[in-house]
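*Asks:* The domain 'CBS' annotation in TrEMBL covers 17-80, 81-140. Annotation source TrEMBL lists transmembrane segment at 174-191, 203-228, 249-270, 276-299, 311-332.
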Amino acid sequence: MPLHLTEAQLNEPVTSYTRSDYATLYPDWTAGEALAHMRNNPPPGRIIYFYVVDESMRLLGVVPTRRLLLAALDTRVRDIMIASVIAIPAAATLLDACEFFTMHRLLAFPVVDEVRRLVGVIDIEAYAEELAETGDGDATPVPPGPRDDVFQLIGVRLTRAQQARPLAAFRGRFPWLLCNVVGGSLAAVLMELYSAELNWQHAVLALFIPVVLALSESVAIQSVTLALEAFRDAGPSWSELFRRLRPEALTGALLGLVTGCMIGALAGVWHGMAKLFVIVLGGITIGVTGAAVAGLAVPHVLRLLKRDPQLAAGPIALTCADVVALLAYFNLARLLI
């Protein structure tokens, strides 16, 4: 199945690209019976997963090859199968299938009808065989080993296809921009709540709100970018997130401390107020630290929740950075003046 497809082809039913030479098992079989059946009746195609079905071909679960090979021979298939199967609806398009591969990063997906009957399988090898050209037309062989490269290339082609469809691109991007709408509204509410502090010394605090927010947002975007690039080397996990939080927070604190000292010193000397130096320094340091943590955590959490972080992570992280920075800045001002 080629990836150099027109928009019309991408909108074709996924069933046009599925294969029917998949391996099926019954839940009451033992592992020994399943292996014997495969030896006596080998499917003509490659085996990536074993699909567990009932008599009417309704999909009940999936068994990874390794799990079947290592199971005790008297173990029932139902006891080793994974019941929560991610399946592509038969009504889906080929473009939808691309999204499944880039989001879930599995090697194959079953395709089922409205009553969960198995109608075919689509696998990553179909894509890998055709990923022989880069976007500029140069011939580039796709290595058979690193599967992440294949997923990445599929994602590039998927992004290009989506960008060519303005309405679909709008639907994918607009909902996440509502985070910025909410963030801007919260900022307005905070300024109203802390209006007394903003009016201190002829509204001098308001002069430095743009730089406090700009530094926090810049660090948040840096952290988001680094987090997304790290996904190319290893998939996200809760343990990996918690392992990286502390060093990222320390990095953010150092960035905030240095830039906060610079801006705070300028503010203090300019207006001749030591309190202003402390407020600006503290607001920037806390805001940048929080922005670094948010920029790291948001993409990880989105990927773990099976959401696309490329579109969503930026708006969410920026909203978090703005709110944290303003709260720190205004509360330090309330404490000191």
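Cβ from N, Cα, C; glycine included.
Note that TrEMBL annotation is computational and uncurated.
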*Asks:* Counting by DSSP secondary structure, give me helix, strand and coil numbers for the domain 'CBS' (17-80).
*Replies:* 21 helix, 18 strand, 25 coil
*Asks:* Short question: which residues 6 or more past the ends of the transmembrane segment (311-332) have a Cβ under 8 Å from it?
*Replies:* 172-173, 176-177, 179-180, 182-183, 186-187, 190-191, 193-194, 197, 205, 209, 212-213, 215-217, 219-221, 223-224, 227-228, 278-280, 282-284, 286-288, 290-291, 294-295, 298-299, 302
*Asks:* Could you please provide the mean pLDDT value for the domain 'CBS' (17-80)?
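*Replies:* Taking every residue in the domain 'CBS' (17-80) and averaging pLDDT yields 92.
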